[in-house]
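**Q** Sharing the features that TrEMBL gives for it:
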- 5-131: domain '1-deoxy-D-xylulose 5-phosphate reductoisomerase N-terminal' (DOMAIN)
- Thr11, Gly12, Ser13, Ile14, Glu125, Gly204: NADPH binding site (BINDING)
- Lys124, Ser150, Glu151, Ser175, His198, Ser211, Asn216, Lys217, Glu220: 1-deoxy-D-xylulose 5-phosphate binding site (BINDING)
- 145-228: domain '1-deoxy-D-xylulose 5-phosphate reductoisomerase C-terminal' (DOMAIN)
- Asp149, Glu151, Glu220: Mn(2+) binding site (BINDING)
- 260-376: domain 'DXP reductoisomerase C-terminal' (DOMAIN)
Amino acid sequence: MKKGISILGSTGSIGKQALEIVSIYPSRLNVVALAARNDIPILVEQIKKFQPQLVALATEEGKQKLLAALPGIKAEIIVGPEGLIKAATIPTAKMVVVAIPGAAPLSAALAAVQAKKEIALATKEVLVAAGELFMKEVAANKVKVFPIDSEHSAITQCLRGEDRKTIKKLIITASGGPFLKTPVEKFATLTAKEALKHPTWKMGPKVTIDSATLMNKGLEVIEAHHLFGLDYSQIEVVIHPESTIHSMVEFIDGSILAQLGAPDMRIPIQYALLEEERQQNMWGRLDFTKVAQLTFQRPDLNKFPCLQYAYEAGQKGGTTTAVLNAASEVAVRQFLDGKINFAEIPQRVKAVLDKHESQPIASLDNVLAADAWARTA
Ligand code: MG
């Protein structure tokens with residue numbers, strides 16, 4: 001039987017690649033719902049090709065554009081947050097791909113877990129802002145979470161068949177971003193265009209800037225803490241500019257397992273969508289003779305303080321990580337809009353964190369309130 005898949009964020013970078021995987025396995029995967037913001041031309045093509053039952057859109061304006069482009073559309077169209085929840089809980093879906101950046105999909109991700117859907121998780125905010133809450137629901141509903149991120153996919157693969165109690169530490173690799181070798185004195189003059197040039201991965205703008213500040217790695221540390229249930233002292237970040245080792249696990253006996261491969265997100269996406277089943281790679285492989293060398297270095301926290309802020313926020317817990325995330329989103333937006341320079345991104349984040357008084361998280365409302373607070377702080 002085909003597995004029904006609902007994709008939250010179908011017109012984004014991860015959503016498009018997830019649909020590419022679906023089209024490779026038409027006898028196994030079937031798209032039942034698509035949720036998108038307002039990228040109507042791409043969505044129209046996706047609807048024509050995958051014929052979902054349900055389409056969730058952010059705005060009424062988007063709906064009107066969609067109806068104009070596809071007058072005979074059979075799918076039910078629902079606008080606003082209600083549409084996201086419907087797409088996340090649609091009975092015909094067995095798996096929900098959560099790939100909308102930001103806090104927007106938090107309620108929908110929780111609703112999907114409560115509806116006992118498998119989760120293929122790309123949205124960092126789900127674990128960063130609401131990790132405790134989300135993982136509690138995951139455990140209570142006995143659902144599986146398949147990470148769509150090269151690092152967490154790598155760790156999942158290294159842990160296959162291993163006893164979690166034998167983990168010494170996780171070693172998360174970071175490319176170091178485009179400014180690894182740029183002197184810190186130049187950071188105030190860097191432009192968004194320069195920051196958007198990632199050396200090894202092709203990704204959306206927010207995560208590309210976060211890679212340049214190492215905030216992305218910090219958020220991944222917080223995600224790993226929740227996903228794998230380990231203390232922050234057991235999660236290490238190492239700079240590995242070749243991005244060939246996607247992450248590693250060290251065990252108590254001193255053995256280290258690493259997962260390596262071509263830097264192509266479709267590999268971890270396929271692994272997640274097929275529930276950790278190994279299938280043919282259609283896109284390219286790692287050629288060791290071309291790799292030549294693998295290098296490693298310790299992250300420079302003076303140059304990239306965002307990584308440290310993420311560790312500190314994670315250790316504080318409660319609403320602090322939601323604040324970290326929102327403050328970073330705002331700062332990145334301001335940088336992309338040319339309102340602040342690259343060096344100011346960590347300063348802005350730190351200023352908001354310093355003002356925040358961490359609260360315990362009892363419900364999603366606490367998370368959303370902290371998120372909203374941080375955006376205006
Ligand atoms: Mg990553």
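Each residue's number is its place along the chain shown, starting with 1.
Glycine residues also receive a Cβ, built from the backbone N, Cα and C atoms like all the rest.
Any TrEMBL annotation is an automated prediction that lacks curation.
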**Q** DSSP helix, strand and coil counts for the domain '1-deoxy-D-xylulose 5-phosphate reductoisomerase N-terminal' (5-131)?
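**A** So the counts come to 59 helix, 28 strand, 40 coil.
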**Q** Take the Cβ of Asp149 (Mn(2+) binding site) and count every other Cβ within 10 Å, whichever protein chain it belongs to.
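**A** I count 28 other Cβ atoms within 10 Å of it.
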**Q** Since the record lists Gly12, Gly204 as binding-site residues, which of them has the fewest other Cβ atoms within 10 Å of its Cβ?
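**A** It is Gly204 that, of the binding-site residues Gly12, Gly204, has the fewest other Cβ atoms within 10 Å.
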**Q** Any idea what the Cα distance is from Glu125 (NADPH binding site) over to Glu220 (1-deoxy-D-xylulose 5-phosphate binding site), rounded to a whole Å?
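**A** Answer for this pair: 10 Å between alpha carbons.
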**Q** Cβ under 6 Å from ligand 1: which of the binding-site residues Gly12, Ser13, Asp149 qualify?
**A** Asp149
**Q** Can you tell me how the residues of the domain '1-deoxy-D-xylulose 5-phosphate reductoisomerase C-terminal' (145-228) break down into helix, strand and coil by DSSP?
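**A** Computed counts for the domain '1-deoxy-D-xylulose 5-phosphate reductoisomerase C-terminal' (145-228) are 45 helix, 11 strand, 28 coil.
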**Q** Within the chain of Glu220 (1-deoxy-D-xylulose 5-phosphate binding site), which residues six or more apart in sequence place their C-beta under 8 angstroms from its C-beta?
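**A** Glu220 (1-deoxy-D-xylulose 5-phosphate binding site) has long-range Cβ partners Lys124, Asp149, Glu151, His152, Ile172.
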**Q** Pick from Thr11, Ser13, Asn216: which of these binding-site residues has the biggest number of other Cβ atoms within 10 Å of its Cβ?
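**A** Result of the Cβ crowding comparison: Asn216.
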**Q** How many Å separate the Cα atoms of Gly204 (NADPH binding site) and Asn216 (1-deoxy-D-xylulose 5-phosphate binding site)?
**A** 12
